[in-house]
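Enquirer: So Swiss-Prot lists these for the protein:
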- 1-17: signal peptide (SIGNAL)
- 18-55: domain 'EGF-like' (DOMAIN)
- CYS21-CYS32: disulfide bond (DISULFID)
- CYS22-CYS145: disulfide bond (DISULFID)
- CYS26-CYS42: disulfide bond (DISULFID)
- CYS44-CYS54: disulfide bond (DISULFID)
- ASN53: N-linked glycosylation site (CARBOHYD)
- ARG106, TYR341: substrate binding site (BINDING)
- ASN130: N-linked glycosylation site (CARBOHYD)
- HIS193: active site, proton acceptor (ACT_SITE)
- TYR371: active site, for cyclooxygenase activity (ACT_SITE)
- HIS374: heme b binding site (BINDING)
- ASN396: N-linked glycosylation site (CARBOHYD)
- CYS526: S-nitrosocysteine (MOD_RES)
- CYS555-CYS561: disulfide bond (DISULFID)
- ASN580: N-linked glycosylation site (CARBOHYD)
Amino acid sequence: MLARALLLCVALALGHAANPCCSNPCQNRGVCMSVGFDQYQCDCTRTGFYGENCSTPEFLTRIKLFLKPTPNTVHYILTHFKGVWNIVNSFPFLRNAVMKYVLVSRSHLIESPPTYNAQYGYKSWESFSNLSYYTRALPPVADGCPTPMGVKGKKELPDSKEIVEKFLLRRKFIPDPQGTNMMFAFFAQHFTHQFFKTDPKRGPAFTKGLGHGVDLSHIYGETLDRQHKLRLFKDGKMKYQIINGEVYPPTVKDTQVEMIYPPHIPEHLRFAVGQEVFGLVPGLMMYATIWLREHNRVCDVLKQEHPEWDDERLFQTSRLILIGETIKIVIEDYVQHLSGYHFKLKFDPELLFNQQFQYQNRIAAEFNTLYHWHPLLPDTFQIDDQEYNFQQFLYNNSILLEHGLTQFVESFSRQIAGRVAGGRNVPAAAQKIAKASIDQSREMKYQSLNEYRKRFRLTPYKSFEELTGEKEMAAELEALYGDIDAMELYPALLVEKPRPDAIFGETMVELGAPFSLKGLLGNPICSPDYWKPSTFGGEVGFKIINTASIQSLICNNVKGCPFTAFSVQDPQLSKAVTINASASHSGLDDVNPTVLLKERSTEL
């Protein structure tokens, strides 16, 4: 009887079909809802489409689709016709109109309030209210699907170590054709670690960055306790120390702030800053020092303007000003460089004041994943006339003191970074991080590359060759994954063919830009009630924000005002080496595979 009952249970289990939403039948951002065990419904509400699978466009949608150019066409227009864009840039009303279109068209791709997280693939109060989760652009692959990507591809995904070694690991350094430099690379790492703070104890779906945006917690600390330990409580300033006549962060001993340093690091080199991991490399501590100096400089400006203000108001207002400076630098210098546009991007919150726009943000897990730009890192770091490998560079603040900030800025402004797209450019020192990125994406059950392309209104790739733009890697990827609709998001972003003379491929830009711009303009200081001079201490503070740039940040805080930018100024440097990512493994053995990067987080 027991055996017969067990057989009956097995038969019933096998008789149940897979979740009908496993095949992602609902198109154009329609929401799939199972009905019973083998039926589904697509909710097409406000998608502009109708039909069983939300695949038939409404009349107005059909017109919009006919008139709307493809993302690659838009990119081509914005990166060519320089004379036309010079005219647009010189007329404020034209520049404002284009910038408004850029902001609205990008930010509307991000759902606000947030909808899903790793635990909930459907809308729930928990997924909205629990700030300890990263949100999700797409829900996780449904439970019980025939394959890891739903219904497409093989029953098991290929070994992540094999993916890294075959397609991601560097054979020979491939420089970025856009000329991106190490000032950019370390700015990216420093800036994003105020909101990419995966909780290693709870797993990749969780974050310790509860501010979910540009809150400068990497400068001031995530908690009030950490902030208070870092503050001087005089004139609004942060604690500091003077070394060789210059301002540097205080030590762990002086602040009792927890930082991550190996045991052998001497006390006087254990600098304490807002982010506990910023002792990892001197490039991060360089920016931490610059922003510390900037905060205290702004406090001096406000103190002169408002001698009646107490320490708390000077501190809080200076923080708001630095948030504004950060957003302006990110849009007008950082994103401007990445875009390659001849159109000049503009930070002007007033452009959105008559739009439906929510001044809140939630960091998405996919945004965190796509920001793993480890191919930017070179094999060695060149500072003045010295060269440091990873082993010499990690946890070595003595390099910062030995050379000083001026030499750091000058050297990193000259050193070119690596190309991110195109494959085979992750340095050996970061291969374990790349593997962990793939493993964690699988743990969080990300949908396929093509599902994310559809979510962000891109045409799905029809083949691996279309994805990579070449034949060798495409054939190997097809053998491992079996179907282009089963290709994973993270490795796809790194092997995708770059746009012409660009650092990224199409998917990285078209997914990353909406997350980025929504996060920046969704900041409370950009809202109508905040964006006014009185918020920032009057016209003096407002002017600091509105005139901020990466160059002014350096000039105000680094001795000698060294020239800087986010790209090398000699265009020949970026053209010096032409490398095919499908080349042989030559040069790989020259890299020491024992280099120790912190494995506690894939974000470093």
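Placement of Cβ uses the backbone N, Cα and C atoms for every residue, glycine included.
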Enquirer: Between the disulfide-bonded residues CYS21, CYS145, CYS561, where is the Cβ count within 10 Å the lowest?
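Expert: Ranked by other Cβ atoms within 10 Å, the disulfide-bonded residues CYS21, CYS145, CYS561 bottom out at CYS561.
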Enquirer: Could you check which of the recorded positions CYS21, CYS42, TYR371, CYS561 is the closest Cα neighbour of HIS193 (active site, proton acceptor)?
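Expert: Given the candidates CYS21, CYS42, TYR371, CYS561, the nearest one is TYR371.
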Enquirer: On the DSSP side of things, how many residues of the domain 'EGF-like' (18-55) fall into helix, strand and coil, could you say?
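Expert: Tallying H, G and I as helix, E and B as strand, the rest coil: 4 helix, 12 strand, 22 coil.
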Enquirer: Any same-chain residues 6+ apart from CYS32 (disulfide bond) with CB under 8 Å of its CB? Would you list them in sequence order, or say none?
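Expert: Looking at Cβ-Cβ distances below 8 Å from CYS32 (disulfide bond), excluding near sequence neighbours, one finds PRO20, CYS21, ASN24, PRO25, CYS26, TYR40, GLN41, CYS42.
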Enquirer: Out of ASN130, CYS145, TYR341, TYR371, ASN396, point to the one nearest CYS44 (disulfide bond) in space (Cα versus Cα); all of them are recorded positions in the record.
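Expert: It is CYS145, whose Cα lies nearest.
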Enquirer: So of CYS54, CYS526, CYS555, which of the recorded positions has the fewest other Cβ atoms within 10 Å around its own Cβ?
Expert: CYS555
Enquirer: Any idea what the Cα distance is from TYR371 (active site, for cyclooxygenase activity) over to CYS22 (disulfide bond), rounded to a whole Å?
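Expert: Here the two Cα atoms are 27 Å apart.
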Enquirer: When a 10 Å sphere is centred on the Cβ of ARG106 (substrate binding site), how many other Cβ atoms does it contain?
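Expert: The Cβ of ARG106 (substrate binding site) has 19 Cβ neighbours within 10 Å.
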Enquirer: Find the one among the binding-site residues ARG106, TYR341, HIS374 whose C-alpha lies closest to that of CYS555 (disulfide bond).
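Expert: Nearest by Cα distance to CYS555 (disulfide bond): TYR341.
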Enquirer: Count the other Cβ atoms sitting within 10 Å of the Cβ of CYS44 (disulfide bond), across every protein chain shown.
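Expert: Result for CYS44 (disulfide bond): 22 neighbouring Cβ atoms inside 10 Å.
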Enquirer: I want to check the contact list for TYR341 (substrate binding site): same chain, sequence separation of six or more, C-beta distance under 8 angstroms. What comes out?
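Expert: Listed in sequence order: LEU78, THR79, TRP85.
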